[in-house]
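Undergrad: Sharing a structure with you now.
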Amino acid sequence: MAMPLCSLTSYNPITTTLRGHHFLTINAYVKTQCIPCFFIKLHTRSSASKQRIIDLRSGSSNIVACVGEGATSLSSHSDIMKTGKREEIPPGVWKDDISDSIMSSHKPEADEKRVEILIAEIKSMFRGMGDGETTPSAYDTAWVAKIPALDGSDHPHFPQTLQWILQNQLQDGSWGEGTYFSAYDRLLATLACIITLTVWRTGQTQVRQGIEFFRKHAGTMEDEADNHQPIGFEFVFPAMINEAKSLCLDLPYDTPFIKQIIEKREAKLKMIPTDTLYTVPTTFLHYLEGLQEIIDCQKIIKLQSKDGSFLSSPASTAAVFMCTGNTKCLEFLNFVLIKFGNHVPCQYPLDLFERLWAVDIVERLGIDRHFKKEIKDALDYVYSHWDERGIGWARENPVAYIDVMATGIRILRLHRYNVSSDILKTFRDENGEFYRFPGQSERGVTDMLNLNRCSHVAFPGETVMEEAKLCTERYLWNALENVNPLDKWDLKENIRGEVEYALKYPWLRRLPRLETRNYIEHYGANDVWLGKMMHMMPYINDRKYLELAKLDFNNVQSIHQKELRELRRWWKSSGFAELNFLPDRVAEIFFSIASSMFEPELATCRAVYTKSTLCTVILDGFYDVHGSAEDIMLFNEAVKRWDHSLLDRMPEHIKTCFLALYNVVNEIAEEGRKRQGHDVLPYIRNLWEIQLESFTKEAEWSRAEHVPSFHEYIEAAAISSALPTLVLIGVIFTGEVLTDHILSQIDYRSKFAYLMSLTGRLANDTKTYQVERSRGEVASAIQCYMKENPELSEEEALEYIYRLMENALADFKREFLKTKDVPEYCRRLVFDNARSMQLIYMEGDGFKLSHETEIKEHVKKILFEPVA
């Protein structure tokens, strides 16, 4: 009779046989009696046997131990791998008591009425989008008010604008944007208003107060940040200073700031290419009122926009009209005043800009599903005015604007419109740097941030997009080095946070709910825009967007929490929790699907995906670590036969695995039959048989210490990653009736699915191969490539795998962006599975080591922590 191991109290050499192949001696030092874990010093006669397993049978217990040098632990077969590889996995982070304690008590039904109201109001905003809504510009209104009556009388042609100036002086004596103070904006608007009032000999009190404000602040302008200087300020401000002198206004003309601006203007005037000034539309058209002494107004008329304006600027158009009497200029100004009544904005129309930004906002805030028709109408409008030579902020704007172009390319491509990126070449100089307008050298953080976002929807071979990505990353990293980088054109409160997020999480690491959560925290309902003057755009910056986004996020999160509770109950009842193959990772796995396929109507898809993933992870561990060859053979046979007849021959842990899989698959198949209208059990069983064949092959490699060829490994990885299996089961519950054509676009036959699997496997391997190698697994992309290229170092092989993954991701993006005949949810399930893998393996194994990576915080923010 064998002596029980727990009775050993001193050194005893034990010799045993490992499956008839190796005779090994173990020197056992037992620290205590009759405890479930022992410490053993192991020696082996064969270095090749260091990672083999010793199977010591003591009574009815199975005791196994790794063979190798040093100390190890000894316990039952469910704790130690039968192939001799032990994996220490940290306990689950989200235990019931922890997750329940931080789950929200939010009740979605309490918000239903308010959500309905907000959706209706935002839909109304979309429907009301005409030529663009924007706030008044005191500066431009002052220029329009200067136009004399056409009948020759000593009155303004637009007297209502003069009245607006008189009635809209701010309390400090200035004019300008009242919600945000910028000295540049206030001085420029105030100077324009006091000049106009003086011209019409009215408003002496307002003029006096305006002069006092000007004198007070002009002396401090040397300390004002240049990045708040409006477009064309260095041209229009000195020109108005000269006019103020001619009107004998008592202003501090000798202050250093005014002298510097005048000198700067003189230098820039000499640099203006007069030969092209009248032939090519440029941003000079936006501020012609500051260039009257050098331009020929009659010649400049040929660059007038179809709507009669000069680059949508009322001030510039008013100046040209006063110089030429051009009737189209007057028609434009009449058109603007019919729209706004007694004032004008700093630029109008803004129809393309407004629509693109409104679509971008609702999408990034995660509320776009409520506005499908409105989004399509807006994008159809933009696309109908799309010009491959470039577009600006308005349909008839002759000067391309990189912010609009980059945002337009990105959004239109994501919605399957065919647009080229070639126009971006016109914004690039000879050094590969990109700027705001063609041929100019100004740019801002927002411009470069939107260009960076655009570069991530590049197709393979689009050189200009690759150059844009490199350029913008350089620029944005440099911007972050500033203590408080403020964008010259878009005065956002949280621009730093947006830049940091974009650089850390590029598009292929960005899951929809994480994007939503981040943007909710950074969206500014009161953000101010800076063009020629500061202004706000109510259809772009509106608290309704943010309020709806917060309510919607918390409502969806509450739904997800209920689903998670049900999944945790299932996890416990399945028996998986007792196996110790994998600590509780229900929350992390549910997060991976809920952060992408988040819509309430996809609840069954999320549950099915989570259960299937947990089955996959458990079975991967069983095949890879915990099961013997005989165990695996028995399990495969049971799955193929799909009945209970083999259960009596199975050890408990195998029986638990089979019963859990059996019940899950049958449950899914029954629900799938209702969704698809026919029996889907054979389809699902076939997927699992293919998956388990792949696991079996990798287990055989591991036992034989076989390193396959790189090609063989990559081909096997397309299945062993399990992503196709999970997608092809989950897609049954996306609300689509699956035809063979749809399946052919996302199953093993498709390049789309293959690239999803390949990139997922490579992301996994790059972060886990060292740990897996340390426990005896010899097959990974890195090791297989090194076997075929022995002259390479490990670092060089790893670098190659990263390049391979980047190229595959580029191809994968193209497949996603160009696939038109696959339903949206089906496409998203494939695409976001790949993105999820890129995020989860960004820092390491985000599933197994979630407590050490940012995955823990991501899970908390998406599943447990409501937005305030």
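Don't overthink the numbers, they just go from 1 along the chain as shown.
Glycine too: its Cβ is placed from the backbone N, Cα and C atoms.
Annotations per Swiss-Prot:
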type: BINDING; residues: ASP620, ASP624; note: Mg(2+) 2 binding site
type: BINDING; residues: ASP620, ASP624; note: Mg(2+) 1 binding site
type: BINDING; residues: ASN764, THR768, GLU772; note: Mg(2+) 3 binding site
Undergrad: Between GLU772 (Mg(2+) 3 binding site) and ASP620 (Mg(2+) 2 binding site), how many Å separate their Cα atoms?
TA: 13
Undergrad: Near the Cβ of ASN764 (Mg(2+) 3 binding site), how many other Cβ atoms are there if near means within 10 Å?
TA: 21
Undergrad: For ASN764 (Mg(2+) 3 binding site), name the DSSP secondary structure in the helix/strand/coil scheme.
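TA: Once the DSSP labels are grouped into three classes, ASN764 (Mg(2+) 3 binding site) ends up as helix.
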Undergrad: If one measures from the C-alpha of ASP624 (Mg(2+) 2 binding site) to the C-alpha of THR768 (Mg(2+) 3 binding site), what distance in angstrom results, rounded to a whole number?
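TA: Between the Cα atoms of ASP624 (Mg(2+) 2 binding site) and THR768 (Mg(2+) 3 binding site), the distance comes to 14 Å.
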Undergrad: What are the other residues, in sequence order, whose C-beta lies within 8 angstroms of the center of the C-beta atoms of ASN764, THR768, GLU772 at the Mg(2+) 3 site?
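TA: Neighbours found: ASP765, LYS767, TYR769, VAL771, SER780, ASP845.
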Undergrad: Could you give the Cα-Cα distance between ASN764 (Mg(2+) 3 binding site) and ASP620 (Mg(2+) 2 binding site), in whole Å?
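TA: Rounded to the nearest whole number, the Cα-Cα distance is 14 Å.
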Undergrad: Counting across all protein chains present, how many other Cβ atoms fall within 10 Å of the Cβ of ASP624 (Mg(2+) 2 binding site)?
TA: 22
Undergrad: Between the Cα atoms of THR768 (Mg(2+) 3 binding site) and ASP620 (Mg(2+) 2 binding site), what distance do you get, rounded to the nearest Å?
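TA: Cα-Cα distance, THR768 (Mg(2+) 3 binding site) to ASP620 (Mg(2+) 2 binding site): 15 Å.
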Undergrad: If you count Cβ atoms within 10 Å of the Cβ of GLU772 (Mg(2+) 3 binding site), leaving out that atom itself, what do you get?
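TA: Around GLU772 (Mg(2+) 3 binding site), other Cβ atoms within 10 Å: 20.
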